[in-house]
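Quick notes on the structure that follows.
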Amino acid sequence: PLLFFLLFFFLPLLLFLFAQDVCSLGACYPPSGDLLLGRSQRLQASSTCGLMGSEVYCTPYQQRRMKCCPCDSRNPDSQLAHTVQDVLSTAGPDRWWQSRKGVSPVTLQLDLGNLFQLDNLVLSFKGPRPSALVIEKTEDGGRTWQPAVYMATDCHRAFPGVSTTTPLTLDQTYCYTLPPTGGNPYQDHTYMYVPVPKSQKIEDVSGVTGLRVRLMELGDVPRLPGRALSQFYALKEMRVMGRCMCHGHAHRCLPETHNNLASNGIQVCSWVCDCQHNTAGVNCERCADLYNDLPWRPAEEDHTHTCKRCECNNHAQRCRFDPVVFEASGRTSGGVCENCMHHTTGPKCDRCAAGYQPNPRSRMDRPDACIRCVCSADGTVNGSGCEDVTGSCRCKANVDGPRCERCKSGFYGLNGADPLGCSKCSCSPDGSLSDVCDPVTGQCLCRPHFHGRTCNTCAKGFWKPIGSTHCKACGCDATNSLSDACDQSSGQCQCRPGFGGRTCAGCADGAFGDPLIGCQLCRCNLEGTIPEVCDKLTGACQCRPGVTGTRCDSCGRERCSSFPDCPSCPSCFFTLDAQMQNLSSVLNGLSVGFPAPPGGSGDPGNFGPRIHALESSLNRIRNSIHLPPDAASQTLNVLMSLSGTFNTIKDAYKESKDAANKVDATKDTVQQSADVREDALNLRNQVQLPNIRDLNKLNHSMASGPNLTPVAKQVCGSLRSEPCTPLQCDGGDFCPPEGTPPCEKGKKCIGALPLSKWAMTDAQDVKEIHSLRTLFDDVQLQDTQDRTNQVRDSAGKLNNRVKKARHELEGDLTDTRNVVKELKDFLSGRIHQHQCIEGSLAIFQYF
């Protein structure tokens with residue numbers, strides 16, 4: 001029992017050492033064998049006798065007779081069956097395969113499943129030998145077939161164009177001429193096909209995955225008078241000698257069992273090479289996963305071409321061969337490591353990955369060779385990678401700090417997607433106290449009355465005139481305006497109905513007067529005024545260009561036609577106007593003694609139609625009357641024509657004087673009203689203005705500070721970017737609402753509250769890991785004890801089974817001796833065996 005136990009455990013080790021010794025000097029090959037054995041179900045024939053019913057075949061018997069034997073293959077185990085499986089060397093001496101009568105061509109096909117190296121093919125024919133056949137091979141599982149050798153009694157007739165000369169290379173084919181059969185064509189004939197000449201190197205041989213024998217032409221049979229002999233193909237034995245195709249990298253093949261879905265789940269046994277020389281694959285056709293530093297090559301008799309291990313510093317389990325790297329290294333090393341582990345990278349896993357640095361307390365070939373960098377992934381140039389073995393970080397252009405964790409002064413918003421790391425502060429030079437902003441939010445430090453992230457806008461209640469660097473108070477009238485806010489650029493307040501002006505302290509457009517007493521509508525023609533209509537204090541109408549008059553209701557000088565169009569006068573007007581100016585000068589000289597009428601412009605009204613009428617009259621007078629050249633007479637005539645105009649001026653002067661007297665009479669009333677208004681204003685200023693001033697001061701201070709957004713980010717991790725002051729806090733939530741998912745691991749957390757929750761989660765995880773580790777140690781210890789007990793029990797059971805097997809073997813040996821003795825006694829008697837049933841035999845005379 002002890003010897004058996006030692007052999008059971010040490011035999012695999014001895015076989016492994018033997019394989020290493022056999023394959024250590026050069027190519028090694030598995031032993032050759034018959035590939036048909038164990039693969040009988042993969043051998044098929046296109047024609048077999050007796051599958052559908054019994055068939056009778058007649059062949060010559062002695063010299064003048066013939067015998068007829070039936071073939072019935074419906075039962076493969078019957079003595080009368082001749083299936084294709086009967087060609088195996090283990091089928092027995094009286095078994096053979098036979099085709100149906102007169103069927104040609106017939107194909108025998110063997111599917112090997114895997115790649116095998118063919119040594120030779122032996123065909124032993126029974127009965128009439130075929131006159132022509134072709135042996136074909138496939139290397140791709142039967143998708144394509146190539147002829148290996150042709151055989152025929154007459155090659156030129158059977159296969160015209162095929163050479164009959166033995167080829168010098170394996171990729172050429174030829175036709176082998178079959179020797180004559182002599183006088184008896186029914187004698188057995190054996191032919192051998194050897195695919196590899198003795199001079200051919202074994203490593204140059206390509207394997208096969210299948211063979212096909214195509215019987216192309218039936219053999220000739222003798223002719224007997226009155227009876228035709230049967231023509232058929234019959235193969236007594238077929239041997240396919242070969243071995244696993246291992247390319248010289250294995251000395252044996254191992255069985256591999258797998259389920260074949262095409263065979264209804266039947267387990268199929270295939271053979272794979274027991275690869276040496278660091279090769280792998282079913283046929284050792286490639287290098288093992290971690291041995292691709294040199295290109296794979298088949299072994300040679302004097303060179304193993306062992307695959308070389310890639311130098312991956314124990315950080316990878318596989319590598320690939322790169323021809324470019326191989327050539328660049330001087331054809332010494334071409335391996336490129338794949339899927340580097342332990343946070344390493346590079347063709348040889350010889351560098352630390354991004355975010356990791358070499359461990360100063362370890363070596364590059366150890367699992368702890370790289371440790372995580374402490375650099376910020378957002379602030380470093382190479383994505384949290386370290387600059388050198390010291391762990392120093394290479395910061396982006398706008399980032400600072402030993403770990404590149406903060407923005408430089410004057411920059412804000414650390415962002416990994418930004419190639420510079422941080423954005424420059426954009427503080428307004430007018431509204432901010434400094435060009436440095438908050439490094440997280442970008443909020444600038446604003447001057448009084450300025451607000452916004454960049455301090456570029458005035459606070460509520462202030463506005464910034466164009467060209468000014470300061471914010472001015474809106475000064476909106478507290479009673480007449482809707483709010484104390486005004487337009488940021490114009491300073492215009494929002495007035496209540498009936499009030500106007502920038503601060504809403506005056507009357508609305510179209511009215512004038514004191515708003516505290518009551519505004520009066522402007523007495524103007526709206527078609528002739530600008531939008532303000534009239535002056536806010538005096539009520540004087542403000543005419544648009546080309547319009548004149550106290551109510552802006554008539555066309556001005558150099559304007560003709562009717563109001564409100566007032567187009568420019570034609571060119572002739574300017575000639576008449578020059579003459580009129582001259583007359584006016586004369587008139588002014590004559591009217592020195594007359595006082596000028598108060599107010600008014602002296603405009604007699606609309607001259608357009610009158611000028612056209614005067615122009616027509618002047619032309620008629622000029623055509624009908626020839627005035628003498630006396631200038632004094634002409635002047636007298638003009639003075640007489642203008643006497644009516646002087647009368648009009650006098651009347652107007654009188655009316656104006658009467659109006660002035662009436663105005664003088666109301667001076668006391670106006671003075672009294674002005675005194676009352678002044679008293680009211682003084683009283684309002686004493687009571688209201690201090691209160692308004694204090695309220696504005698409070699609003700201004702609350703509009704610009706304090707900004708609560710940075711505090712919210714530090715406390716609760718707020719995502720808010722807009723400023724938040726007690727007066728104005730528009731935008732999103734101040735803090736994340738209830739139910740917000742906690743900060744995920746691996747991501748950047750901001751705020752004391754999220755960081756504390758994360759730390760609490762980590763502590764809980766550490767506690768659970770410690771509990772699982774303790775439980776794992778207990779389970780591992782228990783499992784070790786159970787395995788020890790199982791090994792002890794198995795050893796005892798194995799010892800008992802060996803003892804029992806020895807007793808049974810001794811009994812079997814005794815039984816075998818008795819059977820042998822009985823068999824000898826049986827063979828000593830007369831035994832008759834009938835192989836076929838002879839029919840009625842007719843004796844024929846050969847002439």
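Backbone N, Cα and C atoms are what each Cβ position is placed from, and that goes for glycine too.
Note: TrEMBL annotation is automatic and uncurated.
According to DSSP, Cys340 (disulfide bond) sits in a coil region rather than a helix or strand. Per TrEMBL, disulfide bond is recorded for Cys340-Cys349 (among others).
A sphere of 10 angstroms centred on the C-beta of Cys395 (disulfide bond) encloses 22 other C-beta atoms. In three-state terms derived from DSSP, Cys395 (disulfide bond) belongs to an extended strand segment. Among the features that TrEMBL reports, disulfide bond is placed at Cys395-Cys404 (among others).
Per TrEMBL, the feature disulfide bond maps to Cys425-Cys437 (among others). When secondary structure is read from DSSP and collapsed to three states, Cys437 (disulfide bond) falls in the strand class.
The feature disulfide bond is assigned by TrEMBL to Cys427-Cys444 (among others). Sequence-distant contacts (6 or more apart, same chain, Cβ under 8 Å) of Cys427 (disulfide bond) comprise Ser434, Asp435, Val436, Cys437, Cys444, Leu445, Thr454, Cys455. Under DSSP, Cys427 (disulfide bond) is assigned to coil, being neither helix nor strand in the three-state scheme.
Taken residue by residue with DSSP, Cys455 (disulfide bond) is part of neither helix nor strand, so it is coil. Its Cβ placed at the centre, Cys455 (disulfide bond) has 25 other Cβ atoms within 10 Å. According to TrEMBL, the feature disulfide bond maps to Cys446-Cys455 (among others).
For the recorded site, Cys474 (disulfide bond), the DSSP three-state label reads coil. The disulfide bond annotation in TrEMBL covers Cys474-Cys486 (among others).
TrEMBL lists Cys476-Cys493 (among others) with the feature disulfide bond. Cys493 (disulfide bond) falls within a strand segment according to DSSP.
The disulfide bond annotation in TrEMBL covers Cys495-Cys504 (among others).
DSSP gives Cys522 (disulfide bond) a coil state; it is part of no helix or strand. Annotation source TrEMBL lists disulfide bond at Cys522-Cys534 (among others).
The disulfide bond annotation in TrEMBL covers Cys524-Cys541 (among others). Cys541 (disulfide bond): 25 other CB atoms within 10 A of its CB, across all protein chains. In the three-state DSSP classification, Cys541 (disulfide bond) falls within a strand.
Sequence-distant neighbours of Cys543 (disulfide bond): residues of the same chain at least 6 apart with a C-beta under 8 Å from its C-beta are Gly528, Thr529, Ile530, Gly549, Cys552, Gly556. Here TrEMBL flags Cys543-Cys552 (among others) as disulfide bond.
The feature disulfide bond is assigned by TrEMBL to Cys555-Cys569 (among others).
Taken together, the residues in the domain 'Laminin N-terminal' (24-243) have a mean pLDDT of 87 on the 0 to 100 scale. The domain 'Laminin N-terminal' annotation in TrEMBL covers 24-243.
As annotated by TrEMBL, domain 'Laminin EGF-like' applies to 310-372 (among others).
Sequence annotations record features per position, and here TrEMBL assigns domain 'Laminin EGF-like' to 373-424 (among others).
Residues annotated as domain 'Laminin EGF-like' in TrEMBL: 425-473 (among others).
Within 10 Å of Cys476 (disulfide bond), judged by CA to CA distance, lie the following disulfide-bonded residues from the set Cys486, Cys495, Cys504, Cys541: Cys486, Cys495, Cys504. Counting every protein chain shown, the number of other Cβ atoms lying within 10 Å of the Cβ of Cys486 (disulfide bond) is 25. Cys425 (disulfide bond) sits 19 Å from Cys395 (disulfide bond), taking the C-alpha atoms as the reference points. Across the structure, Cys404 (disulfide bond) and Cys569 (disulfide bond) are spaced 80 Å apart at their Cα atoms. Straight-line distance linking the Cα atoms of Cys493 (disulfide bond) and Cys486 (disulfide bond), rounded to a whole number, equals 4 Å. Nearest Cα neighbour of Cys349 (disulfide bond) among the listed disulfide-bonded residues (Cys395, Cys474, Cys534, Cys541, Cys569): Cys395. Taking the Cβ of Cys404 (disulfide bond) as centre and 10 Å as the limit, one finds 24 other Cβ atoms among all the protein chains shown. The disulfide-bonded residues near Cys524 (disulfide bond), taking a 10 angstroms Cα-Cα threshold over the set Cys340, Cys446, Cys486, Cys534, are Cys534. Among the disulfide-bonded residues Cys395, Cys541, Cys569, the ones whose Cα sits within 10 Å of the Cα of Cys534 (disulfide bond) are Cys541. The distance from the Cα of Cys495 (disulfide bond) to the Cα of Cys486 (disulfide bond) comes to 10 Å.
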